[in-house]
Amino acid sequence: MRLLLVEDDDRIAGPLTEGLARYGFTVELARTAAAALAAAPVDLVLLDLGLPDMDGIDVCKALRSRSDVPIIMITARTDEADRVVGLELGADDYLSKPFGTRELVARVRAVTRRTQAAGRQGGPAADRVAGTAGAPASWTGQADSAQRVGPMTIDRRTHRVELYGRQIALAPKEFDVLEYLAQDPGALCSRQQIMDTVWDPHYFGPTRTLDVHVSALRRKLGDPAWIETVRGVGFRLIDPTGGAT
Ligand code: CA
């Protein structure tokens, strides 16, 4: 899936581009409104509202006047009026700075699902569908917020986890680690990917922090087999009941 990131600040664009690439997105960068409007068609636009040559709101309007490409506004502005205007002009969602890569990816996927379900034409439909093929299958065809992995239900909206219908109390970072692993059950997630996403790309603290959280998760889930350790590499989420996910 190809994204156009319209952002003039390299300190934001750099880490964002790297983060999105780790999730399999191809990111084209436009540092000005002019470059954004001249860019080749993409599957989704991430649009910063504070641009040097033109107001992002006007870029949104111009993009929408010629295509149905999904648009997520990125704004440092706290002014709600901007968001409302942007949404009225056809933006699909907005995200306020600062935000994490994980949150952005969740929004990108949600907007993509929504616009596909609405049958909108932002680019060739086949491309859009193929674009989600890189995403874990568990993300597609699911309600927006809840995901089942065997007897476990993870609700991203409420941050609640249930196992056999009973709620498991998790600390925020424990939830984030579990939620990250659950994006693609069975897939190997490297320690670096997890650290970068759940903590921060610039987190240089002890990596033992991750092991502590994984240990706590195993204990709370009542079966260490839920999270398999791949020595020296990372972790994967396994449904120990062997049920289809
Ligand atoms: Ca800016």
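Any Cβ shown, glycine's included, is placed from N, Cα and C.
From a predicted model like this one, the values you see are computed outputs, not experimental measurements.
Feature list (source: TrEMBL):
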type	residues	note
DOMAIN	2-112	domain 'Response regulatory'
MOD_RES	Asp48	4-aspartylphosphate
REGION	116-148	region 'Disordered'
DOMAIN	144-239	domain 'OmpR/PhoB-type'
DNA_BIND	144-239	DNA-binding region
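Every protein chain considered, the tally of other Cβ atoms within 10 Å of the Cβ of the residue listed as '4-aspartylphosphate' stands at 23.
Under the DSSP three-state reduction, Asp48 (4-aspartylphosphate) is assigned to strand.
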